[in-house]
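For reference, the structure is listed below as structure tokens.
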Amino acid sequence: MDEKYTAKNRDKTFVVIEKRFKKNIIHRFSAKRSLFLFTPRNPIRRLAVCIATNVCFDYFLMFTIMINCVFLAMPDISEFAEYIFLGIYTMEMAIKLVAGGFFIDKYTYLRDAWNCLDFTVIMISYITLLLQTINDKVISDITGLRTFRVLRALRTLSIIPGLKTMVNALLRALRMLISVLILILFCLWIFSQAGVQLFGGALRHKCVLQIHGSPAFGKTYDEFYAEHIENSDNWLAKGNGEYVLCGNATGAGPCPTNYTCLPDIGENPNYGYTNFDSIGWSMLISFQLLTQDYWEDVYNKVIRAHSPWTVIYFIVINFFGSLYLMNLMLAVVATAYELEVKNTGKKLQQTAATAREQSLKEQERRNTLTVSEADSHVDDRNCTCCEQCCGCCYNPWLRVQSFAHCIITDSFTEVFIIFIIVLNTVFLAMEHHGMSMELKNVLKVANYVFTTVFVLEAILKLLAFNKQYFKSGWNICDLVVVVASLIDLGVEGLKGVSVFRSFRLLRVFHLAQSWTTMRLLLCIILNTLGSLGYLTIILIIVIYIFAVTGLQLFHTEYTPDKFRGEPVPRWNFNDFLHSFMMVFRILCGEWIEPMYDCMRACNGLCFLIFIPVTVFGKTLFFLFIGLVLGAFGSDTVEQEVEVSSFALPGPESKPCSVRERGISATDDNVKDDGQDEVQQNSEETKIDLRNNDKQSKDGMILENNCNNDSLASLGSLGSIPDIMDGSSVEDDISSCQQKDIQPCLPLFISSRFKCLREFDDTSHGKKWNNFRRQLMMVCENKYFETGVLVIIFASSILLAFEDIYLNEKPRLKLAIFYLDITFCLLFFLEMVLKLVALGFVHYYTHFWTILDFTIVIITVISLAASGLGMEQITAFRSLRTLRALRPLRAVSRWQGMKIIVNALMLSIPSIFNVLLVCVVFWLIFAIMGVQLFAGKFYKCVNETNMRIPPTEVANKIECYNKNYTWVNSNVNFDNVGGAFLALFQVATFEGWMEIMADAVDVTEVDEQPKFEATVYYYFYFVLFIIFGSFFVLNLVIGVIIDKFSFLKKKYDGTYLDMFLTPTQQNYYNTLKKLGTKKPQKTVKRPKNKCQAVVYDLVMSNQFEIFITTIIITNMIFMAFEHYNQSEVVTEVLATANIAFTILYAVEAIIKIIGLRIHYLRNLWNVFDFLVVTLSVMDAFLNDIFGDGIFMNPSLLRVARMFRIGRIIRLIKWAKGMRKLLFALVISLPALFNIGALLMLVMFIYTIIGMSSFGQIKLSGALNDQVNFQTFGKTFLLLVRLATSAGWNDILGPLLIQPPNCDPNYITTSTGEKIKVVNGDCGMPWLAISYMVSYIIIVFMIVFNMYIAVILENFNQAHAQEEVGITEDDLDMFYGVWEQYDPLATQFIKHEQLSDFIQDLDPPLKVKKPNNVAIATFDLPIVKGGHIHCLDILLALVKFALGGNLEETEAFKRVRTQMEARFDEIFPTREKSEIRTSTLQMRREEMAARTLQRAWKRRKIMRSFPSPEMIRYFIISAPETAV
């Protein structure tokens, strides 16, 4: 018995201690009567307690739940089985009720949340049975209640050890998401309202055939016209049956001849679901845009129906919504989970990093031996009984072992094995569809040879290492591959056993034994899988629950009659497999299209599945990815991993050293001297992927060289690189700002000729050098650089005019030609000037100047070719295309962008290293895909490209016999190259639905595909998505983010903070915030009585609450606005808008009256005034030009958008949202530079795309609006492709080849045919290179740079909040400061300091008595006895952080940088004359008091000659407080 908390609540409890897995598990129960019947010692209750705490009971329940989950996955569940499961769960509940009680006392049944879940599910089951018993007809109506049975799967979370703690921590961590979710909903509302105002009804515009003829007898013309436009046969439709959208605004999609664009025709696109007609549908579309799922469809439709300017709306949603909000959610989830795990004190926080490090170190420690140790312990590899059994044969056997040992551990053998592995991989990759018989035989013989080599290697290893062979995981993996290869050879001629061929692909993993990066990556993946085991189980359970829920709700709804005669969609809920794949697809981010199909079948119920799966699934997915990125982050990739003995021996390696691949040593085999040797070798062979780049002065890569200059190996902070002194990286010109100019010629030239060596000393040489110095001054002049930058921009803009219509505009073409010549001459002149000023050595050894030289030469050659009429020659066309690189010259002259580019370029080696490993991983899936699908994606289609059913055409021969076409899919697995392209589409989730559809329909080569003939091939893609995309692709992204963040710090001047201690870093991060705020003047209460009353009103909390209520009410009214609303609704909303506008205007007026000129000091007030002004203008414009006759209706819609700005005012009262938005605000400078880089890259690709693909025939996804024909259309297309949206659809038409195009001629807009190279056909190699490189550079690299900056600032803001000094604390400081310094002089008197720091709120508050603290602050006191606010704040921050700041060199340099920055921000502080300090004054005060006491004693001694009287007086006299 245990009396717990008896002093507080007298709750008596008892505990049962159970031994489980060698641990004592404590179960606590209430000691009161359970169910008011059973005492703790009652036999029945004791039996119940015994059963409830028994591990076998948990196992039985777990087994029951598993079986129940299997039954739940069946569409038709046996009622008898349901009764059995319900009985078991009821029995469990009864046992727990008897053992612990119901709910009154602590530790009873319902006091546990998991038991509440069990109780709820059981009660719902009984209610379902009761309703079914009462009336069998209501069975269909209680399907929703029966669906709750799937929640039983959650019971596994409370049964499986460890999962319960994981889920509890996860639920507590989700609390931090509240602010993010509110911000997302807030922004979603704003985007939705903007969508209603801008695009309401726009997607109903259609091209209608013009009326010909007259109405029939008895019909009016209006009736005839109405019937004509309502007849869908008169609407212009595409080949897929979708109607063509159009618009009447400038730049919108036009209608062809004989068609007219009319509004409000038919329903909206996608079965009426894609529209902005009301706030509900607009919220759905905005959520689709936020998640970037098939958003290119909405993008294309809106631009076509409205105007190209709507791209601004989509850019804002993509950059702010998708890139910031969604990734902020990722950061918050990962951070919150990490914090909760730390708070629980569990070991879960070590699973993502510590486990990997310990595993690698342990493996390295166990698996490395020196030669002497191996020789001395060679006998230990054999069993102890071998010598006794073998007798005289034992010594010869040892010699054979030693011989095999020397062979297998020889460096030549290792190189040979590596060569064989690489060669084997190449031969595996050579397999493709349509191979010749000779190549098949070569590959077959090669497989025999490779298998023989690997078998011999395994035999030699077994001979050499005996029992030690099986102590290495790599050796076991090798043996499995060898055995599988032998089985593959044995069953080579049989069908259906090709699975053994897949094991040959595992030979690629041999490379991991010699390739350190790949080996490290494999170890990371294996350890991460283990550490994320519980989370993976939770993810599977969530998928299972939603899959079963969808199965129970919708499995009878997907019928052909619901889809207007179309076949049932491939993605449905008809069985558990399809439901599982549907939920998996939603988790991968594809939810909108299957939800459209679901809504066609079941209407609104689909929201119950798709939205929760998307939101909750995204949360879990973000947590999963966050932990993966944590495991794959820099701390792992840059781990100082000792290069194992797999690698080639170094200079000190011995030829017969035992390698880990050959032998695993035990701890006893390693001697101390061997350990020292291993440790020494490891120190010499450490690798670091962060700092392996030798760089030039301007930050560009010259070569890669793995060395020991690793940041992680710096033992102290004593030697810090001098490259960063608070400034950025020097550009090419400023790096030469020296007293002496650079040599003009290389040393090997000038040293050979005496005249050149002595030239500088001659009078001509001095004149020449002076001339070069003058040129240097010209080149370094800021006006010269500005002029060059302007010329670069002007010449780049000129490239935008060279579209396919340029030949139809001869004057413009001639003007562009002459301008090109002018710019070319200017660039050539600049090049000559810099070449003379900098010298040949410097000019041709720096990246940016070499780039300038290359672009100038390309321009000269291109112009020469144009002048000679040879521009159509392929070589010159390619050079002309390279002129698109011209904007890159601006990078070296834009310092902010140059920092970004330098950081990016220096990240390339590490990115390439990891990317190469990822390619090897993908190679395995690519080769497997070739083996599974090569030649099987062919199909028989008709003239409309529709696949013929297999019942009509069975194979290729029948297809040709019936005059159909036998075609292959554009993306296929016929060879490894095509497989890589297909896998890239799957990894980016673009076009993967079509690829999977082709894969699961395959039968055999040259046979017609059949619908889901091999449905189990879905799992091939599931495995690739998990390992190839979730793991491997996110590893690349993680390296990009980490490397960019590190190098950006290095080059923007914040590099030194990496050398600071945690306390110093917190102090430094706080200092960076201090410069953002200054004291403000206090708004005094007016003396005029009327103004004073108004002032009191506007400053009261009740007034703010009233205004907030008005704003929320206004937003509710705005939500009722929709397209085609009734006149009554229109009038009510118009009246309400006028009323709200008047209220806002009155608010602004009374605030101006009360606050006077101080009203404009607050930016929120300025924003309010702007919104009020625009709202008043909107009301007047709507009243005067409501019919739109004198004003474009689009302008009215834009004016109405400003009403949405009223809701933004709520942010100033939302503390959580302000913090999240603050992280964005402080990121803006870096984001601006990244955005500029993004625009630069997009501009370059726009010029290249316009030049290379502008003449391609329009087909497929390319149409009159989406194409590469003009700069504007190309740029709009690349904005969409920046998010990888539908890039596969664009790639398809770019691959067009004859006979679908003309390889010799193009057709102009006038119908004229012009002969050009390649005609209107595509160039597949160029199209694939262009598209894939653009996706990699923009989507995977530049976008992740954007994310890296935001996440870094969020993590910094969160870490600063954990420290305790936040923006609100600084606001509080200056708020109190205003009371002591109403005129904002930035100074207060020394006498006020004690009261001031007493009035502050924690953590900056220092309670009285605080005189000692003030003295220790050592604050400078200027003339007049004043102290500056910044000095006080710096001291308080240091005091709040603990005050223990070690004065290291790095910290001193950082503080010097910040002091220089503060001097710029607070000039009055710098100019003030310091007279003393608080510490000095304290010392002077103490000295004065000491003198006073001494003088007092002296006077006493003189007044009282008796010693007793003196002693009595001193003791009895009161002491002055010190």
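From the backbone N, Cα and C atoms, a Cβ is placed for every residue, glycine too.
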Choose the correct range: of 847-868, 1419-1440, which one does Swiss-Prot annotate as transmembrane segment? Give that range.
847-868
Are Ile77 and Ser307 on one side of the membrane according to Swiss-Prot?
yes
Swiss-Prot annotates one residue of Asn258, Asn382 as N-linked glycosylation site; which residue is it?
Asn258
When you check Swiss-Prot, which of Cys588, Cys598 turns out to share a disulphide bond with Cys606?
Cys598
What does Swiss-Prot give as the disulfide partner of Cys207, choosing from Cys116, Cys255?
Cys255
Annotated intramembrane segment segment (source Swiss-Prot; candidates 279-303, 1029-1053):
279-303
Looking at Asn708, Asn942, which is the one Swiss-Prot tags with N-linked glycosylation site?
Asn942
Tally of DSSP helical, extended and coil residues in the topological domain 'Extracellular' (71-77):
2 helix, 0 strand, 5 coil
Given a Cβ distance threshold of under 8 angstroms, which distant residues of the chain, six or more beyond its ends, lie next to the topological domain 'Extracellular' (71-77)?
85, 149-150, 152-153, 544, 547-548, 551-552, 555, 574-576
Mind checking which residues of the chain, 6+ beyond the ends of the topological domain 'Extracellular' (999-1009), have their Cβ under 8 Å from one of its Cβ atoms?
433, 932-940, 947-948, 950, 953-959, 1015, 1017-1018, 1020-1021
Within the topological domain 'Extracellular' (135-143) only, compute the mean pLDDT.
53
Tally of DSSP helical, extended and coil residues in the topological domain 'Extracellular' (1294-1323):
1 helix, 6 strand, 23 coil
Summarise the topological domain 'Extracellular' (798-815) by DSSP state, stating how many residues are helix, strand and coil.
11 helix, 0 strand, 7 coil
